[in-house]
């Protein structure tokens, strides 16, 4: 009897849970309403079967429960009933499969007018590429990948020269434009998923896979990697912004072309020396850093990293958190470099500063640190040398007290929580891998050996 | 001189005399079955603990310092692999297959007893190699149980060095063990059936084990070659599965391989593997239902053909695991169609189980509770398979918690409920004692309700789009905070279900020593294993003469007969009748 009640309650509870659950598909933002409809059909058919079979099961358990002296019916087979059940089941299956295949045919058949965007995955970041005026992407392959050619575009293919690159994890797409997404991986399997678009597909090294959709709603949507790609799989995030075609076109022209990224365009180091004097007051005239003033070492850092950080300070992306006391100081200082040319020159000057020896302040287990560092090394380089293509600054030679404070800030959300700080967002997830202070000390002890 | 098969000989070559030959290097299928069973359950407990750790991290992120992203992935991977291969496959085929085949078909033992013994010890070696990977530098592999390259052997993945090598090695050894066992089961079923035991009189347990073993013999080689090829890629720098790759900023030496090739090989094994687990469970649950409902299994012939059809079909559906893998999308049409066709014979099995209860006389014993619980969970898990099998619905749901919930319902919870049904059902046969029924029922309620509390809500995380194999969800724009509450409640349910398994273990151990003597055939079953002279059956199973079979295994409640069951080895002339009645067998089996 308990079993009968339990079965009834489970059936009722399941149906109630289904209708009352606040956990359901995110609102659709693409043309794939047909997928939602197919799910609807499947829900009704399977739901009815679930309820009927289990209610009948509960009824049988109740009605035919053991009674002393009672004997079961004797009926080995009932061909007619079996044929009927087979027939009805087949009909149900066809009713689910047929619409599914029709929608799949639409997914397989990519519209002619769809515009192309390429998505390139790597541990644990996204990159994107749009064709230039010729409407064609240049050929690309992993053997072409280098620090200055992070997407592996074939340098001798003329079609690739005007391709526009996004070397970060944020993408913009125009509203209402059918979009054909070409997917490619530099290392392992990844999967490009935007839950609101409903469609997803793996990125496979060595081949190009495809999917298509038409964005139907403006807004910002999460890009997630949904194919296990190693330790920091869960931190491989990005955003797609669906914007008006005008805004999209404007944004597109701000992107560097492949040809542009191949020409160095750095500032004038000599001109930058003068402007550096006010920086040197805290950071030291050789950029050696000053622990007592909480000013980190600058010597050894690349110009692109200095430029980005100063811009972040200027735009309130860094240093705006109320607990980031030293960051708040820098916000004021960064305004001195409001002129982009001055900033470029200072950054160029800093990148010429001679490296100086630092003193270590933390103690930990370097071996344990080495195994923790594997994940960091994916972007920051095996020897902490930094990697422009991955937007990862140099770690080698940096003062450990500064790195420790930054890791702690990332963990606590003091740094990296600003919505526009795309790398900070990832660093928060990464820093949380270091579950204890001991982990941080071990890691820094290892970095100190570089 | 008449030829007598080894399995039929009274004077066997391997008559045990010492303790060692009786219990350690034993060639008796019953002892080997128990060795398989205990090893599988112990290693399964390791996997259970791993799942608990995994759930702790998901339910209460940032609370446990010792679970970092690497160890989390290692827990996930080892939990999955152990449960699927080293627990379910080993316990169902190595354990129950070994115990039941000779007894249910009326043989004295397997036809190759020595090979059978080797099979167990090789399996044990595979388990030891697997567990050793916990103790090597870098720990076990964290590549996910699917072990997809290139990731599995590159340094962004935990255990990419020693861990993955030991895992592949252990799988290869396991497959050797399985092949020795599997050839034995198939040959025994085909060659050593006793007089009168036609194929269409075999209990469905044997049909399930038989077809599952054939599937294993055909499917495991695909895993074996992929394991060896990946070992070559890892150790000898071949490029079977490895294209040109830039890993951690460095160009690697690989070129021209195909990661998707591995996926095809893996799932060519992996999908039949689902049925290697499911078919023995289908068979055993059929027998438990029939015995405890005192009624013949409904539509026996259809049930046999459904098992055979599902087994055959299972080889042409594998790529439904790969709809979003980047393979040519046109394959989607074919594999969605075959996948949904397989739902038809599967549905028929469910109908027939329920119809077996119809107008039965249902004894709600502990094994019966588990069997009925199985019908419920399997219906649920089977129906959600229709979502994922329908290629276009797989687009939003693939790689989310919906998949996790689905396969746990259909090949985790459901076969395990059958395993418990079977363990309780055959416990008196194996030990000669009755288990404690109160503890058994308590175990059922905790397990049945608890697992549903885990997996029903998990489907809805999947609808929401929560990805699987994530160490932490972090912040997103689309996942509400309430999802974390749900995750925490799932974890609480999972921990309780895990602890409830202690009730089972306590019951098994306590009852061996303190349980009541069961006596012969306590369930009044018809099949041969309960008709042996001694319970538990002695070495060689039968006395001087092998039993002779006169009927199928499902003559329950035959009109005219005095009792509500007629053992398979009883001829029509010997059946005790109701006074003044004649035996009314409707169909001759």
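Cβ coordinates come from backbone N, Cα and C, glycine included.
Feature list (source: TrEMBL):
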- B:19-550: domain 'Cytochrome oxidase subunit I profile' (DOMAIN)
- B:31-56: transmembrane segment (TRANSMEM)
- B:76-101: transmembrane segment (TRANSMEM)
- B:113-136: transmembrane segment (TRANSMEM)
- B:164-186: transmembrane segment (TRANSMEM)
- B:206-232: transmembrane segment (TRANSMEM)
- B:274-291: transmembrane segment (TRANSMEM)
- B:303-324: transmembrane segment (TRANSMEM)
- B:330-348: transmembrane segment (TRANSMEM)
- B:369-393: transmembrane segment (TRANSMEM)
- B:405-430: transmembrane segment (TRANSMEM)
- B:442-466: transmembrane segment (TRANSMEM)
- B:486-510: transmembrane segment (TRANSMEM)
- B:565-589: region 'Disordered' (REGION)
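Below 8 A, the CB atoms of the transmembrane segment (B:113-136) and the transmembrane segment (B:31-56) form 3+ pairs separated by six or more positions in the chain. Remote same-chain partners of the transmembrane segment (B:369-393), defined as residues 6 or more beyond its termini with a Cβ less than 8 Å from a stretch Cβ, comprise 281, 285, 288-289, 292, 317, 320, 323, 332-333, 335-336, 339-340, 343, 346-347, 350, 353-354, 357, 402-403, 405-411, 413-414, 417-418, 420-421, 424, 441, 444, 447-448, 451-452, 456, 459. Only sequence-distant pairs (6 or more apart) were considered; of these, fewer than three Cβ pairs between the transmembrane segment (B:76-101) and the transmembrane segment (B:303-324) are under 8 A, so the stretches are not in contact. Between the transmembrane segment (B:31-56) and the transmembrane segment (B:274-291) there are fewer than 3 Cβ pairs closer than 8 Å, counting only residues 6 or more apart in sequence, so the two stretches are not in contact.
In this chain, the transmembrane segment (B:405-430) touches the transmembrane segment (B:274-291); three or more CB pairs sit within less than 8 A of each other, excluding pairs fewer than 6 residues apart. Tertiary proximity for the transmembrane segment (B:442-466) is limited to same-chain residues at least six positions away from its ends with a CB under 8 Å from its CB atoms, namely 366, 369-370, 373, 376-377, 380, 384, 396-397, 400-406, 408-409, 413, 416-417, 420, 473, 478-479, 483, 486-487, 489-490, 493-494, 496-497, 500-501, 503-504, 507. Averaged over the domain 'Cytochrome oxidase subunit I profile' (B:19-550), the predicted model reaches a pLDDT of 95. Within the chain carrying the transmembrane segment (B:164-186), a Cβ under 8 angstroms from the stretch's Cβ atoms is held by residues 81, 85-86, 89, 93-94, 97-98, 101, 110-112, 115-116, 118-120, 122-123, 125-127, 129-130, 132-133, 136, 140-141, 143, 147, 152-153, 157, 209-210, 213-214, 216-217, 220-221, 223-224, 227-228, 230-231, 234-235, all 6 or more beyond its ends. In the region 'Disordered' (B:565-589), helix, strand and coil residues by DSSP number 3 helix, 2 strand, 20 coil.
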